[in-house]
Structures are given as C-alpha cells and as structure tokens.
Amino acid sequence: MTPEEQKAFEDRIYAYVGVKVCERTAAKDAVNPAMIRHWAEAMGDTNPAYTDETWAANSRRGKTIAPPAMMYAWNQEGFTVTRGRASDPQTDMVELFNEYGFTGVLGTNVTQEYFKEVSPGDTLYLEMEIDSISERKATARGIGYFFETLATFSDQNGEKVGTQRFRVLKFIPQEQPTAATGDDKLEVPTRIPSPRGHDNGWWWQAVDEGKLLIQRCKRCQVLRHPPRPMCGECQSLEWDSIESGMEGEVISYTCLRHPAIPGYPKDPVCAVIKLAEGTNLVANIVGCDYDDVFIGMKLKGRIEQVDEKTTLPQFYPA
Amino acid sequence: MVANIRDKAAIVGVANTAFSKDSGVSELSLAVQAIKGACDDAGIHPREIDGFATFTLDTNDEIEVARALGCGDLTFWGRSHYGGGAATGSLHQAVMAVATGMAECVAVFRALNGRSGHRYSQGVSGELLTADAIHWGWYTPYGLLTPASWTAMITQRWMHRTGVTKEAMFEVARCTREYAVSNPNAFFHGQPLDRDTYFNARMIADPLQLFDCCQESDGGSAIIVTTPQRARDLKQPVVTVKGVAQASAQGQEQMTSFYRDEISDVSEHRIAAGDCYEMSGLRPSDIDAAVIYDAFTPNVLLQLEAWDFCKFGEAGDFVLDGNLRPDGRLPTNTHGGQLSEAYIHGVNGLVEATRLVRGQSVNQPGKQVDHALVTSGVGIPTGGAILGKLD
Ligand SMILES: [Zn+2]
C-alpha cells in the first residue's frame, strides 16, 4: 500500500469508530434457572448463589442470581447463526479489512465490568458499538489494526447491568508466521515479579517449591520478615529458616480497584497478615468477597500458581 | 537534647509556577521559573544563591539549574530522599547549611511534570532497577502497586482502631477544596466539592475514593533560605525557621511499614513533632495555622494526632468540629492543599506556610498567625517544620 492508499483505507476504516452495531435489543429468553444450570455445570462453578434456591433464599440476596460472567450468553444469536449472519456495521467493517488483505483475525482479550446483578425473571438488553480502532501496528502476527467493540447490557428497567469490551486484531498474515512463542506483543501479561538478590532470592525460590519460609537468627532464634542479612536484635549474620504453617489473621486489608493493571485479576484483595509464628506477611486474600473480609479474620494459606509465571502465597478464610 | 537552630535561618522568598496538567515545558524550565520567582519575591538576584536543596526524586541537577539561572559559585548542594518525605527535608538541608555557614543563600526547589511526564499513580513497575526494587518486590506480585493502595492499608487499620468514618475524610476533602475555590492558581479554583460527588466517586483502593486522593500536577515551587541578619534588609516580612526535623522510626519502610507491632501509628511523625516542638520551645497550642501534607485525606487526620492537636482517636471529631476551616482552631491547607491546589510534593506547602506567617495567603485567616506548621509525607521517612515571625 502506498501512503496515499493507506490514508484512503484508514479514512474508510476510522469512519466506523462510534458507529452502533446494534440498537438496544432484548435477549430471546429471560434469565432462567435452566440456562444458568447449564452454564454453571459447563464451567464447573458450584457456587450455590447461582443454582441452590434454598440456600439463596436464606442468603443476603434472598434469591439466586445469574453468574455475572454469563452476561454475554443471554443475547447470543443461537443456532440460526450457523445459517449466516445478517450484515451489520461490524461485519461491513470486517469485510473492508478483508478486501485490503487484513484477513487474519485474532480475538486478543475481553474485559467485562459488572454494575448490577440479575436473577431469573429479568431480561437482558444488549446494545453495541465500535468503540475504537488503533493506529496501524506491527505485531509478530503481521501488520494490523486492533479494534474494540463496546457492548452495554441493561435490564428491563433500563438499568445498566454491565459492559463488555472485545478487542480483536485484524492483520495481514505473514507468509512465514513467526512461532507464537516469540510473540511478545500478544503474550498474556503476568504479575510483576520480585527481583531476586542475595537477601531475598532463597525466599522466593522456596515459594516456587511450595513452601513459605520465615528467616530465623541462628544465634538468638528471633524470626524476621522480610529477610535481611543481619539480625536486628543481636547483629548476627548467621541465619536459617523455619517453614510457616500458613495460618494467620488479618491486620489490615485493601482492594486495588483502580487503575486496573494488566496481568492482575480485577480488584485483587491484599492484606497484612499476622502469621501464627508471629511475623507479618503481605499476601492476597482469595476465595471470598472483599465485603466478607474483616480485621481479625482467621486465614489459612496455600502456595499457588496464580498465572503462567507466578507462584505466590494465597490466603483463604480459615 | 535537640539541635539548636531556632531563628538561625529565614525564608525570604517564595514562589510557585503556574500549575497545570500539561506544562508543555521541561522540568528544568519549571525549576528555574520557580526559583527566579522566589528571588524576585525576596528582592535578590539569582547570582546571590550559593546553595541548593531539593529531592533525590527531582530530575534537575543543581549545576544545570545554576547555569540556567545565571548563578555564580556554589558551596552547598544537598538532597533529601523518600518522595514527599523530602518536603521539609530539603528545608532541613538548607537550614543546616545556612545555620552552619556552609552557605549563605540556599534555594529549596521541587519541579515536576507529574501529570504529563512520569505519573506516580501508575505505581511501581517491574522495570525498576534501583536499589529498592527488592523492597517493592514484597508487594508488587500481589497487586499492592500504588501509593493509594499502601496508604489504604494503613488507613483501614486506623479506622478500625479509632472508629473514625469517611465523614471525617469528606470534611478534609471538602474544607481543603473550599480554600482552593478562592485560589486562582489552584487546579480546583472555583469548583466546590459536594457530598454526592465525594461519596459517589469511584473507589481507588478501599476505603480511599477518588477525592481522597491528591491530583497529579505539572509545576514548580521554590523558597529562598538565608540568614536572619540578611533577611532584615530584604523586601518581605521576615519569617524564620523555629524548628525543623527529619524522622525515620523503627521498622521504617517506604510507604509499607507493615511489619511493626502497630502499622497505623505514623511513629515517624510523632518523632518529628517532638523534636520540632522542643527545638522551637513551642507547643501545639502556639500553632495558629498549618500546612499538613495531604497526598490522601487520611494523611491529615493521622498527623493531627501525631502532632498533638488532638488525642489518638479524636482527629475525626477535631475536623468535624470545623477546626480546619478559616475561622477554626487550626486553619489548614489554606492554599487548597495537594488535594486541590497542586501536587508539588509538599513544596507548595512551604510556600503557603511562609505566606501564612507573612499574612499573605490568598485565604489569610482572620486571626493573627504567629506560627505555622508545615509537614512532609506520611508513611515514609518524613519530617516537619515550624515557621514564625522573627522575635
Ligand atoms: Zn539474633
């Protein structure tokens, strides 16, 4: 493509930014227990808030709810899609990309945000627009553009239930595609690791091996964390360590809501935890809602792999 | 026994640049504009500056600043570490240099493109290759990545211990904003903060919502410190340093002193307070107005207790009784603070505290201000200073 051709192409493509893909449309079925059960079974999600009506009747909510992540399922077109899809501005735009050789397609990520819970009997409405199209990018898959659609879900009263952003890369496939492993740009981000040096590397190494250690002065036996080279009590440089039983109690806690950081779960709960051995540790609390955490709460920890590259102590309600 | 520096150094010139979200100029330009402004305010030529004090975080080398300003020979430069903990820390450097005769005229400055350049709210990244990278490594893997998240941890604990609610933080945010409304150089000039806006704002890190957090700003602030003898011959009413202290307490970390027996005591501020009061021979009841470091609203509450304006657990009632307001016991952050004027790492606070003692604040309280307190950041090695009229 000459610069002039590229400009002409981009003018046509960028004209789609802000264009409505579909007006507010009701889902074919109201939220119902059968579809919730199918979804929860397929996902292996046994949360009684979704499927156990007796349990739910006695819960804070008084009724079952649909899994929030299921939001997009209600408005799916269903089997008819196999017989072809009616054209809309998004299919037109994709066709335009294809015409210019950007035939490759890769869904890169989906982000959902939830504002309100829905229960059986509610009806979900969907409206969608093309929210953004990136500048031209050189990715390891080939030259391309990222576009993002924004789907907004509301209930029968017009109240916003959630949003979903879907990001797609349309690219010109390379003749000899690079191996996916060499593809930095499309790699799933992971948590920011601790650098490892003399004084802390052994501690993280033990975590990798499934153990939570606490440094101990060999001379006076005082425990210390985070690890450091000298004992502050007796100035000895000699140390060993003990393995923690990973039982503890919440000293304080918070939840990082904003900004969202790539590679991290949404809204991670972090806590200062007093371990039964007496030293404090900062780690995540998982396995319960933020609202259920309190100062003084008893916890039991496990070492878990939390993403492709990261292993960390994670604590659960005891 | 603390050092005797009372009335051995005076602040004779102060200035801020314009504050913005995109200065469009270099940090060096902001630095020299602020210092030149402070020289003009004092009625001195930049050539008379023979020393500088700033933050280790500042990107402006002293010799660059000196060449740009047209300074002559320098005999002193010193920097203070730990982010906003250096606000009064750099004043501390200047006072020591002037009091000992190492320099006669020291410019204290801080200039940053804190919004258009490096943004502190973006947290610490894995690409840091500094000596404290290992320190941050105890927190980054869990998502505890931002100043708000570290402050939230201490705040949650303190609220649990004291029973103080967000009503008190709202009062800090609202009252500070009221001062900014009448400060033309404040970002929130003319924009009051109402209850609904405050309580409905997005959660940043529980319990801190958007308006509990300071802004990110581009700008520079500077003050000129010299001897009281020299100060008498200059343009402005003389403001001297009655006490200035740095303090780091046992078990100190940067923002994350999470391994102390009690994580919400801000012990470092208690040490700085004790030293400042002893040096100055003053008591909390002698302080007429204050500039209390406010990167986050709870910072102000914890410091009111640490600096002994009220007892532990009483900061909520203290502010809800209206004591920070213009007619209150302790008009505080009368420039609009970092919450509502600009976030210049507390050095705009040194400017405001000096103006309060001179009687030149844009929101000058009705009562006489003989002594003003100014403090540095919370949760880090920190400090404070008491300024007053020359006896
Ligand atoms: Zn020892």
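Just so you know, glycine gets a Cβ as well, placed from its N, Cα and C.
What TrEMBL says about this one:
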DOMAIN    A:25-163  domain 'FAS1-like dehydratase'
DOMAIN    A:204-239  domain 'ChsH2 rubredoxin-like zinc ribbon'
DOMAIN    A:244-301  domain 'ChsH2 C-terminal OB-fold'
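Using a Cβ-Cβ cut-off under 8 Å and counting only residues 6 or more beyond its ends in the same chain, the domain 'ChsH2 rubredoxin-like zinc ribbon' (A:204-239) has close neighbours at 194, 196, 198, 246, 275, 277-281, 301, 303, 311-313. DSSP places the residues of the domain 'ChsH2 C-terminal OB-fold' (A:244-301) in helix, strand and coil in these numbers: 3 helix, 27 strand, 28 coil. Helix, strand and coil counts from DSSP across the domain 'ChsH2 rubredoxin-like zinc ribbon' (A:204-239) read 5 helix, 8 strand, 23 coil.
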